[in-house]
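Chemist: Attaching a single structure in structure tokens format; questions to follow.
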Amino acid sequence: MAAPARRGGRAPKGKPERPRTQADSGAPGASYRWTRWIAYTAIAVFAIYWGVKAFIVHRIGNYGVETDFYWKYGSAARDLLQGRINIDNYDSKGWGYPAAVALVSLLGFDTFRAAQVLGLLSAVAAAALLYRIHRSLLGPGVALASVLLLLGNHSFLINTYEIGTDMFFFAIALGSMALLLCRSNPRGREILASGLLGGWAFSTRYNGLFLWPGALALLLLVRTAEGPAAIRLRRAGIWTAGFFAAALPWLVVNAVHTGNPLTNSNYINVGYAVYGEGDWDKYFYGGGHKIGSFLDIVRQNPGRFATVMVKNTFDHLQRDLSELIAPAWSIIAVIGGVLLLIERPGRRFGGYALLWALYFLTLIPVFYGARFSLPLLAFWLLLAAWPFVSPALGKRIAAVERSFPLRTVLFLLLWIPTVAQAYQWTEDPGNKERVGVGPYELLPVVDFLREQGPGQALLARKPHAAFMAKMRFVPIPEVGSPAEIRAYALKEHVRFLLVSGIELRMRAQGIRPFWTEGQVPGFARVFESPKALVYEVLPDKPGAQAP
């Protein structure tokens, strides 16, 4: 593999830093002229494979992370296409992702397919940007190795075909970084574009705010771009202007609807991490938490909050290196990190590391999720790739590598089984996020509900059927009997109740009679299939209209 960038942080003014040549470092691997071809060919093959696979096999979202799309993002995108905003769909995130889905929908796709297209394009963009950034910072060899590791990473594959904000956020965050870091002295328009993408990242997920202090630190303190103080301040101002130009429209919309531009419910995720004790349904639906802000969480038990934050720091790090990437590559990443500390590859790499450290800090307050850590793959895989191109290591084994490409062979011997296992995992019956999983038993139900006309309310445990039938979704609360379900349904003006496997598993006490008994007082069975039933909620008095 090709060589890394020169030591030291400064490049001639106004010129991009050039990586040292393979001959300079003795690093093994592909020559400069081949690495780009291999990288972009691999990305193209990846895009074709998952474009076909996802569109043919993954026709319905699963009951995991894709629930958020059916409940919030998809509905928000539909509303935007009609010029409406329902602020309830933006309780934890801004409009960055729904707006992008709506834009892709204009090409003729339905909302779900538009989200799939956006996810695939985001994955391709993330891979290409990662290659470009790493090539600029440390040379084409490590760029090729890290992009190959990315395209064979199980978390990256799953987030390519699952629809949600994660891959889109990864791509735009990398885009913002690339515009700042791929040149030693970025031009004003590149800095402005970086700020615009940073603002859109914030409008997509609020922890995208990490890009703002990160960019200011790079421009003012780390000085990844050289120049006198006045020029550095001007660059910081340009980046900030771009950030607010992209973020301000959403902040205004949020303020108009809620009275506060920063209104969101992300504090609930923090509260669950601190006080939820592992019971998601009890914490979110049980009504036991009495918090209304992040400060309430801290005040409730400051000692416990501090303890959980320290614990989360080590837990997130350990799980990144065991769940986000394969354990063998985690060990290599640690070695790569040590080598980079010794070799000191320059200020721009230091700035890149700082950005990812800031992003890691934004995740500490919440419970761990590999998808939240998805963007950190860019940094972890760079560390994992580094030992295979490190000049310091290359000098120690130069005698061997003059006659045999030892590190290239070792990389391939480790990488090929990793890729095979990752792709096999996307098909594994034991994987709850495999590409073909989904509630396909709901398709006959959806056909029936569509015949009833849009706009009705459907009581269910998950929003999938309601979204596909263009009905209003009402989640089933924790209840103990059909009578309680009926009282709640009447209160929420619900017309239909869905009874399928997920309702029986997660709301068994109140739902089981609907499956086992022929008649349930206050309800009429109006549709049945082998795996799903639909009941109509009957009105209180004869002759009264149904809700």
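Placed from the backbone N, Cα and C atoms, the Cβ positions cover glycine too.
Quick paste from TrEMBL:
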DOMAIN    101-223  domain 'Glycosyltransferase RgtA/B/C/D-like'
REGION    1-28  region 'Disordered'
TRANSMEM  34-52  transmembrane segment
TRANSMEM  114-131  transmembrane segment
TRANSMEM  137-156  transmembrane segment
TRANSMEM  168-186  transmembrane segment
TRANSMEM  236-256  transmembrane segment
TRANSMEM  324-342  transmembrane segment
TRANSMEM  349-368  transmembrane segment
TRANSMEM  374-394  transmembrane segment
TRANSMEM  406-425  transmembrane segment
Chemist: Are the transmembrane segment (406-425) and the transmembrane segment (34-52) close enough that 3 or more Cβ pairs fall under 8 Å, when only pairs 6 or more apart in sequence count?
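Modeler: Between the transmembrane segment (406-425) and the transmembrane segment (34-52), which are separate recorded stretches, there is no contact, as judged by 3 or more close Cβ pairs.
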Chemist: Residues of the same chain, at least six outside the transmembrane segment (374-394), with any C-beta under 8 angstroms of its C-beta?
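Modeler: For the transmembrane segment (374-394), the far contacts come to 1-4, 20, 24-29, 126, 130, 133-134, 138-139, 141-142, 145-146, 149-150, 153, 155-156, 159, 166-167, 169-170, 173-174, 320-321, 324-325, 329-330, 332-337, 339-340, 342-343, 352-353, 356, 359-360, 401, 407-408, 410-411.
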Chemist: Test the contact criterion for the transmembrane segment (406-425) and the transmembrane segment (114-131): 3 or more CB pairs under 8 Å, pairs 6 or more apart in sequence, then answer yes or no.
Modeler: no
Chemist: Per DSSP, what is the helix/strand/coil residue tally across the domain 'Glycosyltransferase RgtA/B/C/D-like' (101-223)?
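Modeler: Tallied per class, the domain 'Glycosyltransferase RgtA/B/C/D-like' (101-223) gives 104 helix, 0 strand, 19 coil.
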Chemist: By Cβ distance under 8 Å, which residues at least 6 away from the ends of the transmembrane segment (324-342) in the same chain are close to it?
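Modeler: Sequence-remote neighbours of the transmembrane segment (324-342) are 149, 153-155, 349, 370, 373-374, 376-377, 380-387, 390, 392-393, 414, 418, 421.
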